[in-house]
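As structure tokens, the structure follows; a few thoughts come after it.
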Amino acid sequence: MNLLPLTFLFPLVGFLLLSFSRGRWSENLSALVGVGSVGLSALSAAWAIFSFHSSPPEGGAYSLVLWQWMAAGDFSTNFTLYLDGLSVTMLGVVTGVGFLIHLFASWYMRGETGYSRFFAYTNLFIASMLFLVLGDNLLFLYFGWEGVGLCSYLLIGFYYSNRNNGNAALKAFIVTRVGDVFMAFGLFILFQQFGTLNIQELLVLAPQKFPEGNLWLTLATLALLGGAVGKSAQLPLQTWLADAMAGPTPVSALIHAATMVTAGVYLIARCHGLFTLAPDILELVGIVGAVTLVLAGFAALVQTDIKRILAYSTMSQIGYMFLALGVGAWDAAIFHLMTHAFFKALLFLASGAVIVACHHEQNIFKMGGLWKKLPLAYASFVVGGAALAALPFLTAGFYSKDEILWEAFASGHRELLIAGLVGAFLTSIYTFRLIFVAFHGEPKTEAHAGHGISHWLPLSVLIVLSTFVGALITPPLAGVLPESVGHAGGEAKHSLELASGAIAIAGILLAALLFLGQRRFVSALAKSAPGRFFGTWWYHAWGFDWLYDKLFVKPYLLLCQLLGRDPIDRTLGVVPFSVRGGHNLLSLTENGRLRWYAASLVGGAAILLGALLLA
């Protein structure tokens, strides 16, 4: 376990080396340092995970105090690494999937300006995420939380010479900062009430000090939920995720599969004891997830950009995880987080291969017939798409998503179950719409398959992990998270499995019917009045950007314009202006004429006499 600090030190050192190189290194050397540091981190993580399983720590968790960061009076905080079943799972996902993404990126980014800068940012991204999942208290978790936010800004705006990319990065940074402010308020409340931010101490003290439904716990968990929805792109702070596709495609894979958007799910799962004492907020978590997954599913139906379709699918799948957390299916949420990392990384990397092969074309309707020219990318999309659609029995996504649906049913949340089933149907349609349009039909562009081990190896490994093989990896969460209500299952569970499987297959068949062939019905529907209305509404993600522009952006710009004129200074300037005006008026009386002075003297005396008589 002494190797545990190396998991984040290796990518941190890689970041420093690449930063100080200032782009002077060759691409091969930059790739060696950038990919190698994450590879060493993955090896260190593998050893830590092996040691955790072979020699289970007493109490189910291992703590390693590195140093005391701060001490003031009764307050002290240590930088301590905490490894239990939950952090072991996250450690494997972040380093394992992160390494595969880095390996693919070494091929994808060849010839790009800022090659070493890219790997410097991604190394820092991995280090920040590991800092987040290994910290034993919410303060250090928050440092990692802000670190991944900074890295997302740097990577989304990687092509900063393009104004739109810079705007997308700024949008992601600002929207997620809103959630971060809420999270900071949550930390303030928890520290004020408990005098500590150590997560394990909070989980012990909370039920001792407060009853279920306590106002302070409700406010604290609501604030933590605000932070979670910002990082994990859930309603109402979901608007940044689709625009984040402005960054390089491996960045999208890193954000969606291995790092940033899973942070909110991890936060709620890690603080499960606090949320169970605030049942109203826990129920709100499930509702937020259910609404998000349905709205994102409809938005994905009409997108034409290959990466934006996958972005909305991520929003929807994170919604399933929030739904699971909301019904108390803690294990199922983390299980789906893991399997989702496999097939979403596969889909994004495969989309990167398609984009490069098609000369950076991202509109799926300008592709077509790619299955012959790009067999590996096609296989990746078929397997990854099947896992995303939860094709029964063959894919990892089926087992994790089905567990969520069963827990929603077993806990009595039928409305959330219905939302999950609707989302499953939509997922099947938009996923295979992408596959049928891009890979079948008449070719519309020249495409050339990529070569090299850094291209095909990550895709091949992720293809295997996206099948039922990935579902065989069981997160060691026993004793870490509360046991779910519907843990056992039975005949009802098998019936639900068949129903959800049938829904997934029905969605695939409907997509084939609509998008294989001439697509006359789809064209006619798109040209109809309802089709134009809903198509435009869904294409713009239900108009949230428009709404926020009217509610927040325009008033803010108006306020900036008003303050730019410095109204306070102008208001305060009235005083000296009045004094100067009075002085100018009085100076007119000094005209050097004796008659005027005598008249003024008599007039002043008359005024004083009148005032005395009235008094």
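Glycine too: its Cβ is placed from the backbone N, Cα and C atoms.
Record note: among 249-269, 543-563, 249-269 is the stretch given as transmembrane segment by Swiss-Prot. Below 8 angstroms of C-beta separation, residues 77, 79, 114, 117-118, 121-122, 124-125, 127-132, 166, 168-170, 172-173, 176-177, 180, 183-184, 187, 190, 197, 199, 202, 227, 231, 243-244, 246-248, 251, 254-255, 259-260, 263, 267, 270-271 of the same chain, each at least six residues beyond the ends of the transmembrane segment (138-160), sit close to that stretch. Remote same-chain residues near the transmembrane segment (417-437) are listed as 290-291, 293-294, 297-298, 300-301, 303, 306, 309, 312-313, 316, 319-320, 323, 364-365, 367-368, 381-382, 385, 388-390, 401, 404-405, 408-409, 499-500, 503-508, 510-512, 514-516 (criterion: CB distance under 8 Å, separation of at least six residues from the stretch ends). Contact between the transmembrane segment (461-481) and the transmembrane segment (339-359) is supported: at least 3 Cβ pairs lie under 8 Å, counting only residues 6 or more apart in sequence. The list of residues near the transmembrane segment (63-83) in space but at least 6 beyond its ends in sequence, with Cβ under 8 angstroms from a Cβ of it, reads 1-2, 4-5, 48, 52, 57, 91, 134-137, 139-140, 195, 197, 199-200. Between the transmembrane segment (85-105) and the transmembrane segment (281-301), fewer than three CB pairs separated by 6 or more residues in sequence fall under 8 Å, so the two stretches do not touch. Taking Cβ pairs closer than 8 Å, the transmembrane segment (249-269) reaches residues 86, 90, 93-94, 97-98, 101-102, 104-105, 108-109, 122, 125-126, 128-129, 132-133, 141, 145, 148-149, 152, 155-156, 158, 183, 224-225, 227-234, 241, 275, 285, 307, 310-311, 314, 318, 321-322, 325, 330, 333-334, 337, 340-342, 344-345, 348-349, 351-352, 355, 481 in its own chain, all 6 or more past its ends.
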